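Novice: Okay, here's the structure, questions in a sec.
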Amino acid sequence: MAAALLFIAALMAASYTSSEAAQPKASFEDNFSIMWSEDHFKTSADGQIWYLSLDKDTGCGFQTKQRYRFGWFSMKLKLVGGDSAGVVTAYYMCTENGAGPTRDELDFEFLGNRTGEPYLIQTNIYKNGTGNREMRHMLWFDPTEEYHTYSILWNNHQIVFFVDKVPVRVHKNNGEANNFFPNEKPMYLFSSIWNADDWATRGGLEKTDWKKAPFVSSYKDFSVEACQWEDPFPECVSTTTKNWWDQYDAWHLSDEQKMDFAWVQRNLVIYDYCKDTERFPTVPVECSLSPWD
């Protein structure tokens, strides 16, 4: 079954490669600004690969220059190799630069581990400052050996987290005013590397080994097809169906995506807040919405 999934992912990746190859390459400066620790940021000679490093003094981070409301957001990452316990590489969307009390946020967090132990991906979704919607997944590959593509599809009907075009998490909207689906505020896209050894690896039992520093994650091939937010009269204030990511086919998983998603659910999910009755004796409202619809 794993081989079948990888074959499907390879076919899908190949189909996207031809279309992506026709797009002109943008440099880091075209899309992003460094948030902090510019001396911990480097690029390749051609400006197409970006490196963030973490040492005992500080990490590093960057963000898009533009905000977006709804679209497709994608980046290739290669994570810190070797002993990366305590190190978190974050790739996320947020309405602001900071953990404000009313922020909306869509998170990919890659949780480092001891050498030979698997990376975990944690995803989370915030609306108006409230998160606590964590899921954790294993991966079917080593994310430190090659670049892999991590993407977010966001429209008014669903938010889908993808790994190499395979949907690993689906968060649905119910079409009503609610407190669980972020759909009103535009977001920047961010990435950062930082020390989180108080919680990231085995609940904080495994600490960062600073003798292994610097820890370096690398990025390339940022792609965005989205509605750019422009004040004072943003086009994104209302949804349309003129873009593929906001058309009917993007409101639901395709039949092939449902097959992949079912495999992920059976084999890779290691934590789902919807099933944590100790934390949530009353099941959150959004957990009753079917990802298959």
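Heads up, the Cβ atoms here are built off N, Cα and C, so glycines get one too.
Remember, TrEMBL labels are computer predictions, not curated facts.
In case it helps, TrEMBL gives these features for our protein:
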{"type": "SIGNAL", "residues": "1-21", "note": "signal peptide"}
{"type": "DOMAIN", "residues": "16-219", "note": "domain 'GH16'"}
{"type": "ACT_SITE", "residues": "GLU105", "note": "active site, nucleophile"}
{"type": "ACT_SITE", "residues": "GLU109", "note": "active site, proton donor"}
{"type": "CARBOHYD", "residues": "ASN113", "note": "N-linked glycosylation site"}
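Could you tell me the structural context for the features on the list?
Specialist: Within 10 Å of the C-beta of GLU105 (active site, nucleophile) we count 20 further C-beta atoms, all protein chains included.
Counting every protein chain shown, the number of other Cβ atoms lying within 10 Å of the Cβ of ASN113 (N-linked glycosylation site) is 20.
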Novice: Suppose we draw a 10 Å sphere around the Cβ of GLU109 (active site, proton donor). How many other Cβ atoms does it contain, all chains included?
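Specialist: If we count other Cβ atoms within 10 Å of GLU109 (active site, proton donor), we arrive at 19.
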Novice: What does the structure give for the C-alpha distance between ASN113 (N-linked glycosylation site) and GLU105 (active site, nucleophile)? Integer Å is fine.
Specialist: 25
